[in-house]
Amino acid sequence: MHPTRPRPRSTGAPAPSRRHLLGAGLVAAGVPLLGGCFGLGDTTGLVLEQPGGDVPEQFKDRQRVVIWSSYTEHNAEVIQANLDAFHEEQDDIFCEVQIFDSYEGVESKLAASLQARQVPDIAVLSDVIWNRFYLAETLEPLTGYFDDSFGTDSFHDRFLAEGTVKDDIWWIPFGRSTPLFYYNREVFAAAGLPDRAPETYTEYAEWGRELAGFTFEGNEVAMRGYIGGDDWYFQGSIWAFGGAYSDGLTMTLTTDESIAALEYDRAFIHDDNSGYLAADAKGDFVSGACASVLESTGSLSGIKEAATFDFGCGFLPREEGAGVPTGGGGLSIMKYASEQRKQAAWEVIKYLSSGEASVNWTLGSGYVPTTKAAMESPEIAARAAGDPNYQVAIDQLEIAQGPDVARRYVPETLVEAKDAIQSVYSAGENAEDVLIRMEKELEPAIDRVREKYEQRVGE
Amino acid sequence: MAQAAPRTRAPRSAPGARGDRLAAVVMLAPNILGFSLFLGVPILASLVLSLFDADGFGSYDFVGLSNYGRMLSDPLFGQSLLVTCLYVLGMVPGVFVASLALALLMNSRLPMRGLLRAAFFLPHVVSLVVIGLVWRFLLVDKVGIVHQVLAPLGLSGISWLGDTRFALLTVLVVSIWFYMGYYMIIFLAGLGDIPTEYYDAATMDGASAIARFRHITWPQLRPTSFFVLVVSTVAAVSGAQAFDLIYVMTQGGPANATSLGMFYIYQQAFQFNNYGYASAMSATVVAFLVVVTGALFALTRAGRFDDA
């Protein structure tokens, strides 16, 4: 055996092992990496660069503004037409639209781009997304940008209030909507149902039972195709039954009223066989597979174009009260753009929200008017007079309200809610069990935002 | 006590060998540098990030191993692991059998073989997003083409993407359909390497088609089979194959029935802004992959399938 050296006496703390040193080294090496690759570090006076893109030769000497937009296809063309007119009318600013497939697409890219130290100047953010960027202190307060030529009174009060936190405006209403009740007039007439939307959810269920097993032109028709990929419609029905997702950050999903809303849907689908979870509810309605659907006002033009039958629109049914959620997107300016870019971005927002551009957007997109200019324009009045369904969309705004706090500030809520309603719509799970589970699973998510919420919103 | 053999100094490498080593280092350097920069650094950053509570907007607090602890009590992570296991158990054998069967068929004296090979491989050259959109269109409830084709068979009332019982199965079928052409090409390459003399001799000995497959084709295809097995397993576990399809076709629904581990990680990072937690889950998936791949290597003797 080899002779060993005498072991030194312990000095209290054990000598660090190779493994400890390796672990410490990993963290030590990684923290600067995190600072470099992740997060924004010290944000005082921070200016992030614009995303790359193409500026046409004739606009090379202008201030470039980048919008990240979730408006695609026809809506994208309407925005571009407005911006083309903007480029003609002035010679200081060029605005480039970079298009994403959805609100979630913009959100994901924006979160990632902040880490990559790049931001657009304007982002189109949905009504349940912008608040998270507000909590993270990445949005520019806009109240100070308004002036006599373009004041806060330019907008529909209800919509502007939704973008306001602590007396500051952070989000300008743009492509706003509410759900409408769409029904197939021909099926309703053939089944002996009244030519109107049901006034209450109870009446809707009665009509659904009357329609059960009904065939129209050789096809069996369900009363309602449910949308499971979006909990927006459930937000409305939960209010109608007297419940809510939350009161502030306190979850209220397990109250009798909230449970009643989801239990109603379970019974409608699984007991009465009046509805089903549709992969494409709008498509099913247009093809005649279901007699009614709750869909966005923004879908009005598309349904009108695609439907080969006469259809009507009405207010969403009531129960204990009205339940009409607002939805859609608005425009925010990013805090970490340079001052020149922010100022130019405001000019773009101002143009898109004023006069003719606002009217063109409202008419072209099918979204409800968000500005007074659009509301009071003869073109919108003519459209409403010529299309009673469009008038319904405008009238319903008076009883619409913004989403519950949990849907706005806790991103997990939307996914958990989709999971919950799909569990009931598809698998027929017990509504109370599902909502208890949802509330429990949301607890840690709510705890994570609570401090920031109380600090930044403090309701 | 036996005397230890005296140590002998290894012979100095010849100047030529040293030059070869230097040349090898120089040639490998760009690859190693690229790997280190674009994989090594992000992996290290991700590992470190898993020890933090990071929201992606600039704030991160050191939380040690609590993100890993959180996984144990997260029912949705457990659910996503279960879905991943079901997907792997369906995908790997499914694509293996389907692609091998196709390869054997395409290797036989079939008319228009070249055209058929191209047709089966064709889906693989199209973007998975497009594939997902097309299948979503085909699978639409009540009025979709799939519904109309299956209605006479008594399968008319099924919502293939909207029913928790069928959604994962549907995604699996689309995944297998998409990938079988790719693995078919790999199996065809393996089949092409088998000397025809073996088959000629077996035929002369009166061996049946099944016997020829069992005693010639299968043993000779073992290295190819191992490659297909490892690649398809890694791709299925990591969700690389299914993510696009799930994102486009089901968004993880209905009721998380198709929410693979990788899709849940994506949600945690890019929808919920829980980057630290997402990194911890990623590290766990990578560790699991290392174990699975190691087990495959061990069980099959690195593809030789020798007897133990």
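Keep in mind that glycine also has a Cβ here, set from the backbone N, Cα and C atoms.
So that you can see what the record holds, here are the features copied from TrEMBL:
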| type | residues | note |
| --- | --- | --- |
| DOMAIN | B:81-298 | domain 'ABC transmembrane type-1' |
| TRANSMEM | B:21-52 | transmembrane segment |
| TRANSMEM | B:81-106 | transmembrane segment |
| TRANSMEM | B:118-138 | transmembrane segment |
| TRANSMEM | B:166-189 | transmembrane segment |
| TRANSMEM | B:226-249 | transmembrane segment |
| TRANSMEM | B:275-299 | transmembrane segment |
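For the transmembrane segment (B:81-106), same-chain residues at least 6 beyond its ends with a Cβ under 8 Å from one of its own Cβ atoms are 113, 116-117, 120, 168-169, 171-172, 175-176, 179-188, 190-191, 213, 217, 221, 225, 228-229, 232-233, 236-237, 239, 241-242, 256-262. The transmembrane segment (B:275-299) makes no contact with the transmembrane segment (B:118-138): fewer than 3 of their CB pairs lie within 8 A, with pairs spaced 6 or more apart in sequence. When Cβ-Cβ distances below 8 Å are used as the criterion, the transmembrane segment (B:166-189) is approached by residues 83, 86-87, 90-91, 94-96, 98-100, 102-104, 106-107, 117, 120-124, 128, 131-132, 135, 139, 158-160, 221, 224, 227-228, 232, 241-242, 245-246, 249-250, 253-254, 257-258 of the same chain, each at least six residues removed from its ends. Residues 13, 60-65, 67-68, 275-277, 279-280, 282-283 of the same chain sit 6 or more residues outside the transmembrane segment (B:21-52) yet have a Cβ under 8 Å from a Cβ within it.
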